[in-house]
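Trainee: Here's the feature list from TrEMBL:
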TRANSMEM  9-26  transmembrane segment
TRANSMEM  46-70  transmembrane segment
TRANSMEM  77-98  transmembrane segment
TRANSMEM  118-133  transmembrane segment
TRANSMEM  145-165  transmembrane segment
TRANSMEM  171-189  transmembrane segment
TRANSMEM  210-228  transmembrane segment
DOMAIN    302-520  domain 'Histidine kinase'
DOMAIN    573-691  domain 'Response regulatory'
MOD_RES   D624  4-aspartylphosphate
Amino acid sequence: MSRRQRRTLALTVYALLACVIIWLFLSCLDSWYTPKENRIAPTRRLILSYQWCMVGYLSNLILTLIKLVFEDNGSKLAMHLVSCYVNFVAAWSYYLIWSGFSPMMMDQGSCLYLPQRWLLYLFTAPHLLYLLSQMSACSTASRTMLILENAITCAAGGIATMPWLSQKQKVIWYIVSCAPFPFTNMRIWSMVTEAMGESLNDLTSRRALHFMRVFSIITWNMFPVVYFTSIDGWLPVEVIEAIWACLDWLAKMVYSSSLMEANFFTIAHRRELMHVRDSMLKQQEIEQLNKDITRKDDFLSTMSHELRTPLNGIIGLSEALIIGSSGELPEKALQTISTIKMSGKRLLQLINDILDAAKMKQGGLVIKHQEVNVKQIMRDVMDITKSLLPRKVSFIDKVGDVPNITADSDRLVQIMYNLIGNAAKFTRTGSITLSGGTSKDGMRIFLAVTDTGLGIPKDKFGQIFGAFEQVDMSTTRSYGGTGLGLHLVKQLIEAHNGDISVESEMGVGSTFTVWLPIKQVDSEALPPVNPDVERSVSQEWDQLDPPAAHNSGTQQLLMTRPFYHEKHGGQHMVLSVDDDHVNQMVVDSLLSPEGFHVEQAMNGDEALEFLEESPYLPDLILLDIMMPAMSGYEVCQTIRKKYKISVLPIIMLSAKNTADAVNKGLEMGANDYIKKPFDREELIGRIRMQIRTRDLIRQSLQMGGSSLQ
């Protein structure tokens, strides 16, 4: 039995005990204070009628007590308790009547003034209606009104039989007694009909409920018929009392019987099944939503890869042409190629903003907490965004003494890039000023971007930070854009526990001020980030203890096949593994002018075959992740079974830029991870750093091996 059922059962017991005590108290008052001079003694026939009813109620009580003893269901126990209460009060009431304890007086016609009967009705009829109401899902208010209406009917009917009332007073009480009766009938009919509606597929239950509905209406309407018949004196007292007793016993017997209980629990069970079914449907809906979210995430990830891959080709090949990989080009051609490159970068920024906004909405964007050199970041952002400025707009650097802060350097660049890009879009002449400093309390820094552009109406300040919102959203607007940049800026700032404010005057310009905490309360600052070449987790090389270094590690480094640069005058070979021909062309075009020899493998099998058959080992492997048949993760894992991380550097190149993808790449044995589209200088810088680190480790191990010899 549940805790809730035990609590309900306890409340039921207390309520029934209270009813019994009040009923006994009122019965005693009736016996003590009813005038004794007009009392009459019950006849033999009346006593037999009352005794017959008492025996019937006692039989019902005993049967119900037996069921009560062996019942362990909380709801059924409550039903049995109410049934026991009804039968106990009815049996005891009829005992009090035929024993002469409760007074009996003649009123008029064949009507007896019998207060105990009306007490019995007042203290049992509401409970019978409560049992009947359990078969339907009627509200508490409807159930309360039904019981209250019946109580008024019983109380007013009993008062109307008092012999000492005048005829006029009796009529008034008759009217009061009959007024609620039609509403009681309608509620009883409605409750049972509603229960039948829940039993559409259960013929047996519907038949039983149909009987209950007809029986309830007939029985309930017979009481006033017998009542007014007795008042008019149409039948003798013994006949009327026998009819009263019979109706009373039938009503209480049926409403507290197994028939009522069976139908109630059939419907209750059905409701429970419906509840379980609804819960299962809701669970299925939740699972389907989770699947849809997963599919959407997969779609975003796939689209991210598919969009970044051609952009990598556009930007990379443009950079290769600009540096002269295909020979010297005319100035006009270089300008055109630079425009293509910048357009590709703008498209890349738009893709990143859309994907980041989607991740922020789902709470899936990871904010790294590292110590960031803000002044260096601001200088880098100014260099990146110079190409965004119109010819008649200049940069003014007023960034003061700004301390290092704990933040995500990539996201900070993204924030400032969007703010400067927004300022450049709406500024045709004048300047864009970058300023920064520390708050008075020394807890926060501020970074401000001030332009001399069009300005923003004050009533639009709240609107501009909404997703896909702009000041002018009309079809004839003069300025493009998705309206997503400022929304993403605000989300990223709030993810850093910061804030952004805006000041603007139409025709004068606008100032966007970013406030960021110097320290993140819930994080520990990581080592400083080098903005030129970001340090990756993969640079934490294998911790080789001295014995391992001078045994297996040294032998693996010294006894393997020579690296390509050892036999080719110091020229380094890079093995590019990618199934996309454009990406292969980009890598070759960017690395060849820098003196690298590039070998290509179009899939993982070709890469592994090259490592097995080539007389020289590549100095470094550039490895794409998403490839047919064998993914980059699997290729990297296979290579690491033979070549340690400190022997053969592997840099993963992929458009998958999620934290999970990066972490998985490093776990599989990659030395570094670069996201596509990549910057030419970043790619070359990281390749050279990995090769230089590998060479330093080899020299250290060779020196250690020589000293042992």
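Using the three backbone atoms N, Cα and C, a Cβ is placed for every residue, glycine included.
Annotations in TrEMBL come from automatic prediction, not curation.
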Trainee: Taking helix as H, G and I and strand as E and B in DSSP, count the residues of the domain 'Response regulatory' (573-691) in helix, strand and coil.
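Mentor: Each residue of the domain 'Response regulatory' (573-691) counted once, the result is 54 helix, 25 strand, 40 coil.
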Trainee: With the transmembrane segment (118-133) as the reference, which stretch in 77-98, 145-165, 210-228 has the largest tally of C-beta pairs below 8 Å?
Mentor: 145-165
Trainee: Rank 46-70, 77-98, 171-189 by Cβ pairs under 8 Å to the transmembrane segment (9-26) and hand me the top one.
Mentor: 77-98
Trainee: Six or more residues beyond either end and a Cβ under 8 Å away: which residues meet both conditions relative to the transmembrane segment (77-98)?
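Mentor: Tertiary neighbours of the transmembrane segment (77-98) are 8-9, 12-13, 16, 19-20, 23, 27, 31, 42, 46-47, 50-51, 53-54, 57-58, 60-61, 64-65, 67-68, 71, 104, 114, 116-117, 119-120, 123-124, 127-128, 130-131, 134, 245, 248-249, 252, 255-256, 261, 264.
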Trainee: Are there any residues at least 6 positions away along the chain from D624 (4-aspartylphosphate) with a Cβ closer than 8 Å to its Cβ? List them or say none.
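Mentor: Counting only residues 6 or more apart in sequence, the Cβ neighbours of D624 (4-aspartylphosphate) under 8 Å are V577, D578, D579, D580, N583, G632, M652, L653, S654.
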